[in-house]
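*Asks:* Dumping the structure here so I can ask a few things about it.
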Amino acid sequence: IMEKGMELPVLLITQGVLFPEAKIKVPIRSKNNLAMLDRFVLNRSIASKTLILVAYRTETEKKVYDVGTVAMIEQVSCFSSSTFTQYTLHIVGVSRAKILDYALPVSRVKQIYSTGEVPEENEMELYEIVKKFTQSLNRDESITLSNAMRHKIPERHVDEVADLVASFIPRLGYEKQLEFLATVDVPTRVEAVMEWCKKHLESNPPRPPRSMSPPQGISLVDLRENGRRRGRMIRNNNEEPQSPIEKLASKLEAANLPDDVRDRVMEDLNRVKSSGGNGQESSMLLNYLEFVADLPWSTMTKDDVDIKKARQLLDDSHEGMENVKKRVLEYMAVRSLRDEGSDKAMAGPILCFAGPPGVGKTSVARAIAQSLGRKFERISLGGIRDEADIRGHRRTYIGAMPGRLLQAIRRAKTRNPVILLDEVDKLFSGVHGSPSAALLEVLDPEQNGAFMDHYLNLPFDLSQVIFIATANDLSTIDGPLSDRLEIIEMSGYSTPEKIRIAQKHVLPSQLETHGVCPDYIRLPPEGLQHLVSGYTREAGVRQLARQIASLCRHAALSIAEAVNSNSQADCLPDFSLPIVYDREKIGDVLGPATFGDRSLDLVDRLKSGFRPGMVFGLAWTPYGGELMLIEGVASNTKSKDGKGRVMMTGKLGEVLKESVDVARSWINANAERLGVESLLSKDIHVHLPAGAVGKDGPSAGCALVTSLFSLASGRLVRSDTALTGEVSLTGLVLPVGGIKEKVLGAHRTGIRRLLLPEANRQDASQIEQSIKDELEIHFVRDLDEVLQKMMTPSSFVLSKL
C-alpha cells in the first residue's frame, strides 16, 4: 500500500525531527494538531497503533518539508485541570515517506526505501564509536540508548543504528536533521553519524566506570586530604574565572579586527585596563568596546544563488508583477555570474520598490534575501528627523548609541546581509540634520566601503551589504537620494489578481492564523468576487485580508460554540460543516456591502444627478488610483455683475490652480470657433470635493477644460466616462504618469469608458488584458478630440474641425 501511496492524518511540528526507530513525545497545542487528534485518534476505539504522518515546517522558507516520517502512536496521555487540558502523543518512527500531495488534515505519502550497503569494517567502526558515544551521554540517555540498541548491533541493522543514534546527538541543527531524514543512501547516513559522534566525543570524552573503592594502597583519608590540597593549589595559582575586562579582550581578539582598526581599539582597551574599569569614562569605553567586539568584521554568508528556486519562490509568494519579478531575477542572475573577487563587481544598483501600500514591496525584498541565502534585516525610516538615527551619536554625549545601520548589522551577525530601508520617502529634515542626506554615503558604492558611524568612529565596510528601499510617493524623495536608486514601480492589483491572491495566499494564511481547519470553511468563487468588489476598493490586499480574517473569526466562534456546548439543545440549530460563505452569508457576517452594486453608491448617485460643469477625472495617489469629481458653476449670463472672476476650492495646489487658468484661457481663445460664449463675463467657481484632502498636479487639465466647456455651452458631459491628461495652452494633450493605477481605480469604481493621452498608449499596454477587455479606452491627441468624445452625442457640433 505504501508503495502506491497512502493517505495519512498529519501531525505538523516545527522543531525536532523523528527518525525511524526513535521515539518522541509531542505536546498537542496548535489548532490543526488538535483537530487531527480529535478526528482521527480520540474518536477511535483503539487510539494506539494508529499510523500518522509527521510533517515538518521549515523556518527559513515557511513551508512544509517534502520528506516526512510515518509514525505509530503508542500512547495518548492527557493532563486536565480546571483551566486547560493538555494532550501528549507518544509516537515511534516507522519509516521515511515522500509527501506526494500535502494537505490538512490528510496527506498522501509514499514510503522511501534506503539504498546502498556499508562495508563490514565501517560497520565495526560505527559500533565502536557508538559505544563510546553512549558512555559520554548522561545516565538516563545512556540507559535508554543502550536498551534500544541491544537487539540492533548483533543483527547488524546498521541503517537502524544510524537513525537511532542520530536522534540522541545533542545540539544538532533542525536543518541538518531534515537533511539527514531526506538522505536515502545508507553509507552517507553512517558517515554523517560517525562524524557527529566524533565531534561530540572531542568535547565530551567517555566517562570511566565509577568505582566505589579507592585504588590499592590509598585510603579514603588520603583521598580527602589530596582533594583539599588540590583545591588550595587552584586558588593559589589564580585559576579563577576571567574578569570582565579579560573576557572583553578575548572577544576583541576573536573578532579578527582589521589592522587599521586594531591599533585604535587596543589603545582604548589599555586605557580601561589602566583605570581598572572604574570611573564614568571606563564604563562608557566598556560599552563601546563591547559593541566593537560584537560587530561582524570578517563574518560573511556565502551566496547560494539558484535562479530556478528564486523564480519558483517569487511565483509562489507573489501574484502578477511580471516586470518586477523579471527585474529581480535579472539582478540575482548578475550577482551569480559576476566575479565576486573584484571590488568593482560588488557595486550594484540600489533597488527601490515604489507603489501603494499592501502590494508586496517588503515581501519581495524578503524573498530576495531567502533566494540568496542571506540574513534579512528591516529598518523603518518613517518619520525619522534626526541624522543621528543613521550615523549614530558621538560618544561624548550621555546615552550615545550607534546608528540603525550598524545596529542592524550587529543583529544580523554577518557583514553582508540584505537590509531593507522601509518607507524611504517619509524621511524629513529637522533641526538635527537631514537623514536623507546621511543616506547618501550609505547608498553610494564609491563611499560606503569605509562608512564612518559617529559612535563607532572607525571605518566599517558596507560594500558587501545589499540595500533595498521601499517608497509610496517618489515625489517626496530628495533628488540626490533618488538619483542613487533604481526605481521599480509596483502598481496595484486588479480584481482578478486580488481573487487569485486571496485563493492562493490570503485565505490559507488566515485559516492557519485563526486555527480554523481548511475542511471547516468554504469560500466559493462567487462569494470571493462579491467580497473583493463589494467590501474593498484599494490598490493592495490588506483590507481584503482583514475582511477574510473577519470571516475566519466568525467561523472559529461558530465552531467553538458548537463544540463547547454541554448539550445538543445548546448547539446552533443551523450549524453544519463546512461553513459556506456565499454572497448572502457574507452579507450576514460583514453587513451591507460598502461598494459594488449598492444603489446608494456615490458614483451611481453622481451619474444620475449629472449637471453642466460636472466631469469625472482620474487621480493618482500614493495609495492607488482614484476617481475624482470636478464641479464647475458659473454666474447667470444675463447678470451684469459678472467680472470674469475665478474661485477655486477643495485644497488645490499651485499646479492645479494653474491648470484651471490654462483651461479658462483656452476656452476664451476658442469660444468663437467652438460656438460658445466666452467666460470673460462670467464668475466661475471650480470645486473638487473631499476638501480636507490636498490635491495637486497637471493631470486634471483635460477634465478642467471639459468642465468649463460644459459651463460655457450649457451641455452635459457623459457620466459614464472619465479622463486624464495635461493640456497645453494651444490645445495639445500631454502625457501624464500613473496610467495603470488610474485605470485600475476607474475599473474598481465601475467606470468602463476612459480617455487617455495618445502618448500614454504604451503605458496602457501594461494593464492586464482581462481588465482592458471590460473597458472602452480612447486615446486622444488634442482638446477638440477630447470634447468630441466627452460630450453627450447631441451636445454640440464643432464649427471648424
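The backbone N, Cα and C atoms fix where each Cβ goes, glycine too.
Okay, so TrEMBL annotates it like this:
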{"type": "ACT_SITE", "residues": "Ser699", "note": "active site"}
{"type": "ACT_SITE", "residues": "Lys742", "note": "active site"}
{"type": "BINDING", "residues": "Gly355, Pro356, Pro357, Gly358, Val359, Gly360, Lys361, Thr362", "note": "ATP binding site"}
{"type": "DOMAIN", "residues": "8-201", "note": "domain 'Lon N-terminal'"}
{"type": "DOMAIN", "residues": "609-793", "note": "domain 'Lon proteolytic'"}
*Asks:* If we count other C-beta atoms within 10 Å, could you say which of the recorded positions Thr362, Ser699 has the fewest?
*Replies:* Thr362
*Asks:* Just to confirm: which same-chain residues, 6+ apart in sequence, have a Cβ under 8 Å from the Cβ of Gly358 (ATP binding site)?
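*Replies:* Spatial neighbours, sequence-distant, of Gly358 (ATP binding site): Glu538, Ala539, Gly540, Val541, Arg542, Gln543.
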*Asks:* Please compare the recorded positions Lys361, Lys742 by how many other CB atoms fall within 10 Å of each one's CB, and tell me which has the fewest.
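*Replies:* Fewest other Cβ atoms within 10 Å, among the recorded positions Lys361, Lys742, is found for Lys361.
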*Asks:* What is the average pLDDT across the domain 'Lon proteolytic' (609-793)?
*Replies:* 87
*Asks:* What's the CA to CA span in angstrom from Thr362 (ATP binding site) over to Lys742 (active site)?
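*Replies:* It is 23 Å, counting Cα to Cα.
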*Asks:* Give the sequence-ordered set of same-chain residues, not counting Gly355, Pro356, Pro357, Gly358, Val359, Gly360, Lys361, Thr362, with Cβ within 8 Å of the centre of the Cβ atoms defining the ATP site.
*Replies:* Phe353, Thr470, Met490, Ala539, Gly540
*Asks:* Run through the Cβ atoms and count how many others sit within 10 Å of the one on Pro356 (ATP binding site).
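*Replies:* Result for Pro356 (ATP binding site): 23 other Cβ atoms within 10 Å.
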